[in-house]
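Asks: Below you will find the structure I want to go over with you.
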Amino acid sequence: MAILKLIAGLNFIGAVLSSSLELHHHMTPEERQQVFYTDGTDVPPYEVVTIHSSKVEKRDVNAGHVFEVNAYGENVKAWITLTEGIFAGVNTPICGVRSRRDGRIDIYKYPNKMKEIEATVFKNTNQGITMTVNYRSDGTRMMNGIVGSKNWYVKPVPERLTNSISRYRRSVDNINSDYDDKSYHIVYQIPMTANNSTLMAPLTQSKKSKRAIRIPPVIYPEVLVILDWGLYRQLGGTIESAVPYVLSFWNGVDLKYRGLRNPRYRLNIAAIFLSEDPNALSFIQNSISYGPTSLDSQLVIQHSARWLFDHQKIVPLNEYDVAVILTNRRIFTNKNGRPSYGLGRAWISGACSTNDQYGVHRSAVVHDEGTFGGIHAAAHELGHLFGANHDGIEHPDCPTHVGTIMADHPILNTEYSYSWSWCSQNDLSRFLNYYNPTCLYNVPNPGTPVPRLLPGKMMNAHQQCSMINRNTQAYITTDICKKLVCYDAARRVWYNNVDWSAADGTYCAPGRMCLYGKCVSEN
């Protein structure tokens, strides 16, 4: 795949400011949420750094650039490029969903937002650097991302506070640099993960078989991605912080489908909907049960089916093939009057379907806590929408313990967690041949592709642990590609009940990263 090189003789040198500034105490809760993913004052240790950079010339837009930063007494220098992807493009819509006082909603597109994000995403595979660059009103740069090899998050100091920091310039800006363009940033190390449970049985619907037409060699499922308010807020509550995560997440899901042949599956992001207030999605609010942080999964996808149908003038059905709701709330099914918690739920064989009486049965709901932990569940629930049943229960000839994608319980410490059983492949083939889901066959045109971001390059293993169990760190061995294990050093407690593996792109050994459940060479 061609590499698009972004560019231009930039050189970043970070000089550490005094951590005694206790800058976070001067931030608003919203600013702390964007920087530290918490609105309280209990934040991880951090350093404030000055980043020096050169001017970017317009003629240099097709090259790469040097990234150099110093924090915690360590210096990182890397050549950063932008890699071409195919699953989203500059024309992919990013939409805000907002409630109104009359009970209705507004859905509006942010023009050119994907183009802006595409133009500012930098990465370096060897050192696990993923960085977005935007600009403040004064023209200085805001860099937002991670340095994976050092387990560093790099976040811009809120613009409101930059003048306060500049008073310390003489005492802290003590490095020699050839570049006068300076901006203030926060660097911190995060330990990091979560609890998990089972994958739920899909909901069935009556569908009539149709005469099949010729199936193309490649199909392109177009996914409408909907983030609920809780997850959007956890990811920082801004387009610039949430959308790169969404792209990286779905790149990880797409990798789960790369093993399929005849036809090949290539996911495409039809649009990204961001819930901008707690009441924006009525189908979420109407599905809350057993406390404010839990959702009845059956109600979610039933209500979302009606919601999608009722809003088809705003969200035309021909613009997406499946819809997936990502939520950080716990989701459950009712079993004997008690909640049984799981990771996701979907309609079986729902892709492309529409039912005038009951709605659009092409939706799924997936639990994710902003750590890429929902990637496997998303691939699994999409499998249901594409006609696949559970291995083990519906297919005893393909037992659960093998750990394939459609196993009814996620088993990610096997070599088959990126594999589709022959039972699943038969189900997928049957769906294409008998239900004739022709909406999957058109080739999308999202415009110029945006770069693919491997999830593990956005968030390293420690961060994947700490986002769910705070103050934990990953136990890094080559086995994390099969199962993530986290450790709380202060409490001396191991968390080895996490039912997912480290995300693709995660560092697993010197010069190696996780890919397809294995620790492979970066090269």
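Positions of Cβ are set from backbone N, Cα and C atoms, glycine also.
Below are the features listed in TrEMBL for this protein:
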type	residues	note
SIGNAL	1-18	signal peptide
DOMAIN	219-444	domain 'Peptidase M12B'
BINDING	HIS380, HIS384, HIS390	Zn(2+) binding site
ACT_SITE	GLU381	active site
Asks: The domain 'Peptidase M12B' (219-444): mean pLDDT?
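Replies: So the average pLDDT across the domain 'Peptidase M12B' (219-444) works out to 89.
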Asks: In three-state terms from DSSP, label HIS390 (Zn(2+) binding site) for me.
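Replies: DSSP call for HIS390 (Zn(2+) binding site): coil, neither helix nor strand.
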Asks: For a quick check of packing: other C-beta atoms within 10 Å of the C-beta of HIS380 (Zn(2+) binding site), how many?
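Replies: There are 29 such Cβ atoms around HIS380 (Zn(2+) binding site).
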Asks: Roughly how many Å separate the Cα of the residue listed as 'active site' from that of HIS390 (Zn(2+) binding site), to the nearest whole number?
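Replies: Checking the Cα atoms of the residue listed as 'active site' and HIS390 (Zn(2+) binding site) gives a distance of 10 Å.
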Asks: Ranking the binding-site residues HIS384, HIS390 by other Cβ atoms within 10 Å, which is at the bottom?
Replies: HIS390
Asks: Looking only at Cβ atoms, how many others are within 10 Å of the one on GLU381 (active site)?
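Replies: Looking across every protein chain shown, the total is 30.
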